[in-house]
Amino acid sequence: MVSAKDILSDSLRSSVLIIKHKDKLSPDYVPENLPHREEKIKELGFVFRDLLAGDAKDSERVVIVGRTGTGKTATVRLFGKNFEDIAEREYGVKVKYVHVNCYRHRTLYLISQEIANALKLPIPSRGLSAQEVFKMIHEYLDRRNIHLIVALDEFGHFLNTANTEEIYFLVRLYDEISAIIKRISYIFIVNESHSIYKLDRSIRDHIARRLIEFPPYKSMELYDILKYRVDEAFNDNAVDDEVLQFISNTYGYDKGGNGNARIAIETLSLAGEIAEKEGSPVVLLDHAKKANSTINPEIQEIVDSLSYLDLHQLILLKALIRVLNKSKADEVTMGTLEEEYISLAREFNEEPRRHTQVYEYLRKLKVIGIINTRQSGKGMRGRTTLVSLSLPLDKRLDDYIMQQIVVRLKSKA
Ligand SMILES: Nc1ncnc2c1ncn2[C@@H]1O[C@H](COP(=O)(O)OP(=O)(O)OP(=O)(O)O)[C@@H](O)[C@H]1O
């Protein structure tokens, strides 16, 4: 009998490795180049270029805003590292860049400690306040003639938890510390712009003067990002072009996706692992599809179940998407939905089904998990059923439903 050890040893020896640098697919890895973020790096350079003058007296601040996975962290980190280098080598100016994650360090005190640690500045063990630590940091920079750029990533967490005085102290530092040369500059990274607009005006006006927006990636942008990662992390010719097209079309913002590079890279990485596990020397479309359904299991299951629905159930679903799109609301009343269904069925030259049948369809769609229903509470005349979609309104879903309707209509003809 073959021992378990032999089986393991054989499988290890014969396994095909197509990912040569796994670390380059990890979310923390910052590549040397960030396709489609070159302009943002230039904009950051523009904001901080006065620090290179040698006699810079003012500090700078800028807010970076964008959805998750739009490259905010990676871009700012890459900028910081390169800016430090260029300042020293080409201008003989000392600039230090420090990146603080405010999710992990969400109080003023923890932020001050983190900056001090990054500068290797020993803090006396007697309990100093955060304000005192900031003063020490400033004096340290002054003594060594250093300008500091602090990136405050996930800054929304600090804004949501800190009290007004702390926020005020941090962002209006040089109202509190008197200095001839203001040595500490900031990059505030926030996930959505509204967290800034909720702020007190005196703080908001102070930080939101300069804003750099990071839009969600379009599919051709994701394609370039993925291609670059493939070159860095995979063996030559190990990834089929269809894989890149599939992933970038799935997540591209212009194709109805969320424009999130992190998920796109994660899908690529997982597709690579699946291919390796199956012993395939090349990552193929099928591996990418499997990876995608692992990452989005519920959505995939629901989308699969659409192919079992019949024509009028699909028309009802399409009608729901249409009214939700029109009304920009999250839910619609049964009455409105039914009216839309009737008119849509007629557009397709179909005789609309009767009310009881439509109710039955709704029940079926609810069982599949694609819609939710609830009874309206107080505040509405009578009681009515409110219907909502349980998936995000997504153009791809809409297109897919339409495609299924067309298939059903054709097979009837
Ligand atoms: N233009 C790009 N080129 C290459 N890789 C990119 C690019 N943009 C983002 N990435 C990669 O995508 C992942 C997510 O990016 P990043 O963490 O910078 O996004 P983020 O906007 O800061 O998201 P969050 O708000 O969730 O922190 C990282 O692995 C990053 O390296």
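Cβ atoms here come from the backbone N, Cα and C positions, even for glycine.
Lifted from TrEMBL, the feature list:
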BINDING   Thr70, Gly71, Lys72, Thr73, Ala74, Tyr217, Arg229  ATP binding site
DOMAIN    58-218  domain 'AAA+ ATPase'
DOMAIN    317-401  domain 'Cdc6 C-terminal'
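Averaged over the domain 'Cdc6 C-terminal' (317-401), the predicted model reaches a pLDDT of 85. It is Thr73, among the binding-site residues Thr70, Lys72, Thr73, whose Cβ has the fewest other Cβ atoms within 10 Å in the structure shown. With a cut-off of 8 Å between CB atoms and residues at least 6 apart in sequence, the same chain places Val30, Pro31, Leu34, Arg37 near Ala74 (ATP binding site), listed in sequence order. Cβ neighbours of Gly71 (ATP binding site) (same chain, under 8 Å, six or more residues apart in sequence): Leu34, Arg37, Lys40, Phe214, Tyr217, Ala261. In terms of DSSP secondary structure, the domain 'Cdc6 C-terminal' (317-401) contains 46 helix, 13 strand, 26 coil. Remark: Arg229 (ATP binding site) has Lys24, Leu25, Pro31, Ile265, Leu268 as non-local neighbours, by Cβ distance under 8 Å and separation of at least 6 in sequence. Looking at the residues that bind ATP per the record, Thr70, Gly71, Lys72, Thr73, Ala74, Tyr217, Arg229, the two CA atoms farthest apart are separated by 17 Å.
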